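Participant: From TrEMBL, for reference:
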- B:Tyr7, B:Ser8, B:Gly9, B:Gly10, B:Leu11, B:Asp12, B:Ser13, B:Thr14, B:Val15, B:Leu16, B:Leu17: ATP binding site (BINDING)
- B:Cys184, B:Cys192, B:Cys195, B:Cys198: Zn(2+) binding site (BINDING)
2 protein chains.
Amino acid sequence: MNAVLIYSGGLDSTVLLHHLHQAGNELAALSVNYGQRHSREIECARQQCARLGIEHRVADLRSLAPLLGANSLTDSAVDVPQGHYTEETMKATVVPNRNMIMLSVATGWAISRKSDCVAYAAHSGDHAIYPDCRREFAEALDAAIRLADWHEVHLYRPFVDWTKADIAKRGEELGVPFAETWSCYQGGEVHCGQCGTCIERREAFYLAEVDDPTPYAMEAPTVDQLVAQFWRLS
Amino acid sequence: MNAVLIYSGGLDSTVLLHHLHQAGNELAALSVNYGQRHSREIECARQQCARLGIEHRVADLRSLAPLLGANSLTDSAVDVPQGHYTEETMKATVVPNRNMIMLSVATGWAISRKSDCVAYAAHSGDHAIYPDCRREFAEALDAAIRLADWHEVHLYRPFVDWTKADIAKRGEELGVPFAETWSCYQGGEVHCGQCGTCIERREAFYLAEVDDPTPYAMEAPTVDQLVAQFWRLS
């Protein structure tokens with residue numbers, strides 16, 4: 001199979017890169033610069049691809065930021081919310097129609113290079129606050145992508161029924177260098193450890209029982225601290 | 001209705017701009033700069049919007065040109081084919097997945113400004129050489145667009161069953177200043193008169209029995225010339 005992978009440089013898509021590469025597929029990887037604070041992930045993506053000898057391109061969509069409105073991923077005046085993704089405040093991280101825009105650009109490239117599919121690392125834990133992470137959205141878009149050209153391209157989402165912990169486990173099997181992936185939505189030197197993506201990343205390693213080599217600005221609480229907090233809140 | 005119009009500055013979308021404006025809709029117009037030779041159409045779009053007091057934005061997607069491959073609309077090394085669109089050579093004007101890319105960006109803007117729909121001027125004469133002009137493509141993409149956000153946006157294609165001649169006729173009723181629209185795929189000072197879009201433009205005015213105020217570098221043949229050509233080819 002010949003695939004264009006939408007490749008953020010985060011945990012999920014890096015595991016997918018190695019997963020598809022190890023299975024012998026021909027790959028090309030596309031990162032999208034939409035003006036995100038965490039452009040450091042693109043540098044991680046570049047390094048992984050160089051290591052595996054995979055062509056890597058960056059679609060520069062920064063010029064679209066004024067059209068897509070203020071959100072905390074692209075606008076430094078809007079704070080990145082902290083805490084777990086289930087909270088209402090995480091809506092501040094929504095970039096309107098981001099997935100369709102990325103997938104349509106990747107599809108254009110896939111058509112141009114006669115690839116069979118556009119692969120991306122959507123998984124079962126992707127959130128209802130991101131409507132364009134829902135399965136029915138991806139299925140409808142897949143139908144449109146298949147009709148977009150005489151050379152048929154389809155969407156490929158091998159992780160769609162996996163949890164993020166399943167992905168971490170698969171990454172460990174593949175020997176993915178987790179420390180060279182980037183998840184944090186803040187633009188700091190190390191992962192902040194407390195934004196929504198950091199919390200999910202930590203949780204995935206914890207649930208998968210996989211060692212997390214990521215340095216975090218905020219350490220995970222110890223069991224003693226959790227017990228103390230429990231009694232304070234009781 | 002509040003609509004984001006995909007607005008090239010050509011004949012069809014300029015008539016749609018006036019058609020929607022005259023009906024009292026709230027409009028915002030989006031042109032896309034994908035590195036086309038005929039960027040002059042964007043200047044036409046800007047002028048029309050200024051005249052009608054409609055917000056106009058340009059999405060600058062020139063950075064995508066290397067991903068989308070060589071084609072005659074963006075690459076000056078590839079000649080723009082001449083003659084009617086039915087010819088195989090017109091495939092050189094295909095920008096892979098152009099419509100999905102434009103529509104996904106317009107949808108992002110529509111979501112961000114809480115518009116009801118993305119309007120575009122697809123019509124019944126749009127060609128099978130452009131697979132993403134087919135009705136089934138638009139219907140599939142509409143389904144995906146409706147799912148892309150909690151704020152539902154849909155595709156609106158009021159000209160989908162019209163011919164280009166119907167559009168020219170409607171433009172005449174609305175008093176559209178046709179001379180201030182741009183169709184030609186060449187980047188010249190005046191319309192070349194013989195590329196695929198020029199031929200269709202001329203044909204639409206002819207079939208609609210509407211005066212064509214466009215200056216063309218190549219004049220339309222006279223009846224005498226057509227008769228002479230007929231005998232030469234017989």
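Glycine residues also receive a Cβ, built from the backbone N, Cα and C atoms like all the rest.
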Participant: Hey, does DSSP put B:Cys195 (Zn(2+) binding site) in a helix, a strand, or just coil?
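Facilitator: DSSP assigns B:Cys195 (Zn(2+) binding site) to strand.
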Participant: Using the Cβ centroid of B:Tyr7, B:Ser8, B:Gly9, B:Gly10, B:Leu11, B:Asp12, B:Ser13, B:Thr14, B:Val15, B:Leu16, B:Leu17 as the reference point for the ATP site, which residues of the same chain not in that list have Cβ within 8 Å?
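Facilitator: So the extra residues in range turn out to be B:Ala45, B:Ala121, B:Thr181.
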Participant: Of all the binding-site residues given, B:Leu11, B:Val15, B:Leu17, B:Cys184, B:Cys198, which has the fewest Cβ neighbours within 10 Å once its own Cβ is left out?
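Facilitator: Counting other Cβ atoms within 10 Å of each of the binding-site residues B:Leu11, B:Val15, B:Leu17, B:Cys184, B:Cys198 gives the minimum at B:Cys198.
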Participant: Between the binding-site residues B:Tyr7, B:Leu11, B:Ser13, B:Val15, B:Leu17, which lies closest to B:Cys192 (Zn(2+) binding site), Cα to Cα?
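Facilitator: Closest by Cα: B:Leu11.
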Participant: For B:Tyr7 (ATP binding site), write down the residues of its own chain that are at least 6 apart in sequence and whose Cβ falls under 8 Å from its Cβ; none is a fine answer.
Facilitator: B:Ser13, B:Thr14, B:Leu16, B:Leu17, B:Ala29, B:Leu30, B:Ser31, B:Ala45, B:Gln48, B:Cys49, B:His56
Participant: Just the number: how many Å between the Cα atoms of B:Cys198 (Zn(2+) binding site) and B:Val15 (ATP binding site)?
Facilitator: 17
Participant: Between the Cα atoms of B:Val15 (ATP binding site) and B:Cys195 (Zn(2+) binding site), find the distance and write it as a whole number of Å.
Facilitator: 21
Participant: Counting across all protein chains present, how many other Cβ atoms fall within 10 Å of the Cβ of B:Ser13 (ATP binding site)?
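Facilitator: Total other Cβ atoms inside 10 Å, all chains included: 25.
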Participant: How many neighbouring Cβ atoms, not counting its own, are there within 10 Å of the Cβ of B:Cys195 (Zn(2+) binding site)?
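Facilitator: Around the Cβ of B:Cys195 (Zn(2+) binding site), 26 other Cβ atoms lie within 10 Å.
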Participant: Can you give me the Cα-Cα distance between B:Cys195 (Zn(2+) binding site) and B:Leu11 (ATP binding site) in Å, rounded to a whole number?
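Facilitator: It is 15 Å, counting Cα to Cα.
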Participant: Tell me the Cβ neighbour count for B:Gly9 (ATP binding site), meaning other Cβ atoms within 10 Å of its Cβ, over all protein chains shown.
Facilitator: 26
Participant: Please give me the CB contact count at 10 A for B:Cys192 (Zn(2+) binding site), counting all chains in the structure.
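Facilitator: There are 20 of them.
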